[in-house]
Ligand code: GDP
């Protein structure tokens, strides 16, 4: 699962991406940390993991991680193949969610490709390119399907769904704006549309505005736009994030204090990105290792066990689960057992975010 960072040129994408890779350097003990120059992996900050590490004092702590991909090259006309247009669009097709960096800082030294700061216009330029690309995909598919639809019920149904999407796109709206039922979703998923991917906007503001702690007009306008679409807006200063990420812990804390921040804004982006991808975390915790495992929301216990080892899934008997809140109440796993807070769950149990689990299985 990965998030693609997009945005017009000179909005702060690379600056944000540098912050991500610098923060990611801390997890250098992961073999997959340095893959490609435009891919960064960071651990997901999680206070629950810190708590578990404190009570178990394990030899090793393994956080959940998330992957960001820097996708450069979007300009107006990308869907017509301008600039690196086609390459850009094919990169977006591969990611699971989109982080759209929007310039909300004024700086006369840094040119804006469109000549002025206007976040809603910028977002609309990008969204329009994605919509146009999707429209092409849908129309191409309709040509094929309409021939079959005359004497094939399945094809006729598909054609109906395609028409629904086409109408939405032609209104200038993304495919994610349409509510599909399960059967329709199966058709939509095959299309791999760019505008059906979840989006969050990151408003990149100046250092001065960050200190003022007052949202500038650009951010307010972006918020209004995103609200209509049902997307989130996170506010950061990419430049400060880059600085923070490069500092050792102590100095970082000092700088955070100076800016009146509790934690780097990047943490917030990572956490929201994780949930944008529809991911949740369960934990295994013992004296050897405290481990945060990533699963899709809705995953059942045997499949979650399979994340740890395929044997766990194959021979699954049951899961012994303590919710994180109960564990905090009890203070330790042993105390939680004594207090009757441990639940025995079977193969149909849907894992919940924060579950602390021991899986029982046959070998
Ligand atoms: P990209 O083209 O979107 O990847 O943009 P870059 O990250 O390369 O940033 C373009 C320019 O804007 C660089 O000179 C950055 O230093 C500058 N920049 C990025 N973020 C900020 C910010 O928050 N404040 C200010 N003043 N400049 C920024």
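The first residue you see is number 1, and the count goes up from there.
Cβ atoms here come from the backbone N, Cα and C positions, even for glycine.
The ATP binding site annotation in TrEMBL covers 10, 11, 12, 13, 14, 15. Secondary structure from DSSP puts residue 12 (ATP binding site) in coil.
The domain 'OBG-type G' annotation in TrEMBL covers 1-256.
Look at TrEMBL and you will find 278-361 tagged as domain 'TGS'.
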Report summary line: Candidates 10, 14, 15 (binding-site residues); min other-Cβ count within 10 Å returns 10
**Report entry** Non-site residues, in chain order, whose CB comes within 8 A of the mean position of the CB atoms of 10, 11, 12, 13, 14, 15 at ATP
**Finding:** 7, 9, 16, 101, 103, 204, 238
Query raised in the report: What is the Cβ neighbour count of residue 11 (ATP binding site) at a 10 Å cut-off, with all protein chains included?
Result: 26
Query raised in the report: Across the domain 'TGS' (278-361), what is the average pLDDT of the model, as a whole number?
Result: 96
Query raised in the report: Counting only other Cβ atoms and using a 10 Å cut-off, which of the binding-site residues 12, 13 scores lowest?
Result: 13
